[in-house]
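Data block below; observations after.
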Amino acid sequence: MSKNALIFPTSLSYRASINELITLNMIQAQRMPIDELVWYHLLNYASPRRLAVGQLQLNIQSAKREDSGPYLIFFPVNNPIRRVLLQALTRVVVRNCIADMFGENCDQVCPSCENGGICDDVSGNCICPPGFMGELCQIGCGPNKFGRRCQYLCSEDPGADQDAGCKGKMFCLADPYGCSCS
């Protein structure tokens with residue numbers, strides 16, 4: 001997506017468990033008529049599935065595994081340069097189990113992951129968001145650090161504001177976490 005985009009997602013990734021409601025939201029940077037706005041699910045790029053017209057929000061009732069993948073919203077404009085500014089993309093990740101469960105048969109209870117950590121639906125391990133570590137994501141890395149053991153720096157520039165080092169950077173982690181900005 002262009003940094004000058006006129007439409008952008010409220011979240012880079014949406015995460016849900018099987019059977020949960022997912023609400024995808026987009027925001028307009030400028031007021032425009034939305035009656036031509038079109039949502040597509042890009043499971044197959046050759047034949048995307050058209051989902052809705054004329055709305056900035058899309059609800060996916062009772063999420064299924066096949067609801068995972070990229071979702072595109074755009075204004076159908078013939079000018080390809082302008083079209084880039086009139087589209088936004090987000091990704092949906094659906095866990096294989098119902099909420100708070102994991103395992104081959106989804107019969108084991110997830111630990112209580114902290115600070116936005118997500119329970120891996122296969123192993124039951126917490127996938128920690130950027131800036132946190134520990135078995136339950138209970139330990140903060142501190143400013144300018146990220147990684148499984150907080151071993152990486154967002155900015156190695158000694159003159160940079162270390163408190164803002166990771167701010168605004170996008171991190172993509174293993175599914176079912178997806179992507180987020182620090």
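Including glycine, each Cβ sits where the backbone N, Cα and C put it.
Automatic prediction, not curation, is the source of TrEMBL annotations.
Record source TrEMBL places CYS137 in a disulfide bond whose other cysteine, from CYS128, CYS141, is CYS128. Remark: secondary structure over the domain 'EGF-like' (102-138) totals 0 helix, 9 strand, 28 coil, with classes taken from DSSP. Across the domain 'EGF-like' (102-138), the prediction's mean pLDDT works out to 94.
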